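Chemist: The region 'Important for interaction with long-chain fatty acids' annotation in Swiss-Prot covers 16-63, 278-285. Marked as repeat 'Solcar 1' by Swiss-Prot on the basis of sequence analysis: 11-106. According to Swiss-Prot, the repeat 'Solcar 2' annotation covers 114-203, on the basis of sequence analysis. Residues annotated as repeat 'Solcar 3' in Swiss-Prot: 212-297. Swiss-Prot lists 141, 185 with the feature site 'Important for inhibition by GDP', giving similarity to another entry as the kind of evidence. What Swiss-Prot records for 1-16, 104-119, 200-217, 295-309 is topological domain 'Mitochondrial intermembrane', and it gives a curator's inference as the kind of evidence. The topological domain 'Mitochondrial matrix' annotation in Swiss-Prot covers 41-77, 146-173, 243-268. Annotated transmembrane segment per Swiss-Prot: 17-40, 78-103, 120-145, 174-199, 218-242, 269-294, in sequence order.
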């Protein structure tokens, strides 16, 4: 057995809720530069036509984007929006991941044998609910990641200022900008990510290919990350563009998608795919492995505290 030993008592809903948020924050700390590179690549060419985009591209590839940012803006630019990112994960992942098992059991009326339909429904529910709770933090995170320090003033100087400025200039609705594409994205992401992780893990365990420890969690998380990136990338690009757009630039998320298709072609929907995969794959591995270990560690601590002397 690698890592903490599984406890006899299943983790409580509170342990899952806190463990998911904490694990997601740890994963964000490690993979945030890849997420920032993804955002920069996704918004690149937004104001240009298809013909000019390739010729005038400032960022080329994951490594090229990171090196360009370090050279022109300094290493700290890779962590622009980290505070909002951690706020997002603590509120977002706690709901979409931490409540997944509870919602799944609700749909199956307490049965441990959940079908694919119940898993998909649970993933969609917690994904959409998480967006409703954490959308303002996502808007601020994307705005910070998108702004460049070089060649002009920054839109926001601090996280608190960003919340205040957006609310003042765009209204409270500005903090929930892009909710529709984000709900769609996270319903897709949550379904694909959690259900794929669930299914891969269950398959490996039932076939006795692996035991319920770190290698199994690593393999399941990596597979879930790849499947999620392939399916969710188009919606993710639209979400990023729309949330970062100036007031009135796009009438709706649908208008944003049509503008992208017309000006940049269908390949625009997979802009930033490699950093998305590197980020989501590595994020999934760190998050799920940490989450599984945190659940076991917290329950072991709880059991030792409750055990009689």
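Cβ coordinates come from backbone N, Cα and C, glycine included.
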Chemist: Under a criterion of three or more Cβ pairs within a distance under 8 Å and sequence separation of at least 6, are the transmembrane segment (17-40) and the transmembrane segment (174-199) in contact?
Modeler: no
Chemist: Which whole-number mean pLDDT does the model give the repeat 'Solcar 2' (114-203)?
Modeler: 85
Chemist: For the topological domain 'Mitochondrial intermembrane' (200-217), how many residues does DSSP put in helix, in strand and in coil?
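Modeler: Tallying H, G and I as helix, E and B as strand, the rest coil: 11 helix, 0 strand, 7 coil.
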Chemist: Using the structure shown, find which entry in 141, 185 (the recorded sites) has the sparsest Cβ neighbourhood within 10 Å.
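Modeler: Looking at the recorded sites 141, 185, the Cβ with the fewest others within 10 Å is that of 185.
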Chemist: For a three-state summary based on DSSP, what are the helix, strand and coil counts in the region 'Important for interaction with long-chain fatty acids' (278-285)?
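Modeler: Its residues fall into 8 helix, 0 strand, 0 coil.
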Chemist: In whole Å, how far is residue 141 (site 'Important for inhibition by GDP') from residue 185 (site 'Important for inhibition by GDP') when you measure between their Cα atoms?
Modeler: 16
